[in-house]
């Protein structure tokens, strides 16, 4: 199967946001957007307040914090360990080769942690603060870019995702992992979807991914659904060369998750 580059990029971006929404609305005991509703009800407004000031000062900080979250998740899972400072007997992720003088946003996380700790001492984990800041960082850049040109885009993705997660709840995490694995090599370009050919070996069958990363069939279904949609098909080929859903638009649909 061959994917056009712009559609690959677009599909993963839409999928990422849909996955976060579905994980927030369909998982209960393990993952819940209202986990801190009683123990720290002011958590989300506190994070949002710091994030608004940080992004207003430097819009690029939104992307930096999303990247920080990804780098944290890549080593030992999304545990907040990227925030740990080195000591005389410990060298952590923060100053490791791929992160040192590269990953940004630690000072924003520190401000959020300080604010949250004053409101709810000893309640909210650092890992959750990193995750919430990553979500809010893109929410703050949201708009309805394709509301008129491709209004069926998000409902089409959501329908396939809802069926896939209802059939296998683990699929939500699998697709989020697929997204992270794509980001790790050459950035966020969707190249993990490319099939091998006689002259090309891609990321899909590379050592860390082969028989490990999954969810490709769900992306295939979404792609076919969009192509078969009378409303969407007339727009898919004429969207902007860089993205189907840009960073300034996907997270408008995450407001239901906040």
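Every residue gets a Cβ built from N, Cα and C, even glycine.
Taken from TrEMBL, the feature active site, proton acceptor covers 71. According to TrEMBL, the Ca(2+) binding site annotation covers 72, 77, 79, 81, 93. The disulfide bond annotation in TrEMBL covers 40-120, 73-78. What TrEMBL lists as domain 'Plant heme peroxidase family profile' is 30-159, 160-244. According to TrEMBL, the feature signal peptide maps to 1-29. Residues or ranges marked as site 'Transition state stabilizer' by TrEMBL: 67.
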At the level of the C-alpha atoms, what whole-angstrom distance separates residue 73 (disulfide bond) and residue 93 (Ca(2+) binding site)?
11
How many other Cβ atoms are found within 10 Å of the Cβ atom of residue 81 (Ca(2+) binding site), counting all protein chains shown?
16
Considering only the disulfide-bonded residues 40, 78, 120, which fall within 10 Å of residue 72 (Ca(2+) binding site) when distances are taken between Cα atoms?
78
Far apart in sequence but close in space: which same-chain residues, 6 or more away, have a Cβ under 8 Å from residue 79 (Ca(2+) binding site)?
72, 127
Taking the domain 'Plant heme peroxidase family profile' (160-244) alone, what is its mean pLDDT?
73
Which residue among the binding-site residues 72, 93 has the fewest other Cβ atoms within 10 Å of its Cβ, if you could check?
93
Treating G and I as helix alongside H, and B as strand alongside E, what does DSSP give for the domain 'Plant heme peroxidase family profile' (30-159) in helix, strand and coil?
68 helix, 2 strand, 60 coil
Non-site residues, in chain order, whose CB comes within 8 A of the mean position of the CB atoms of 72, 77, 79, 81, 93 at Ca(2+):
73, 75, 76, 78, 80, 82, 127
Between the recorded positions 40, 67, 71, 120, which lies closest to residue 93 (Ca(2+) binding site), Cα to Cα?
71
Would you mind sorting out which of 40, 67, 120 (the recorded positions) have a C-alpha within 10 A of the one on residue 78 (disulfide bond)?
none
Local Cβ density at residue 67 (site 'Transition state stabilizer') - other Cβ atoms counted within 10 Å:
20
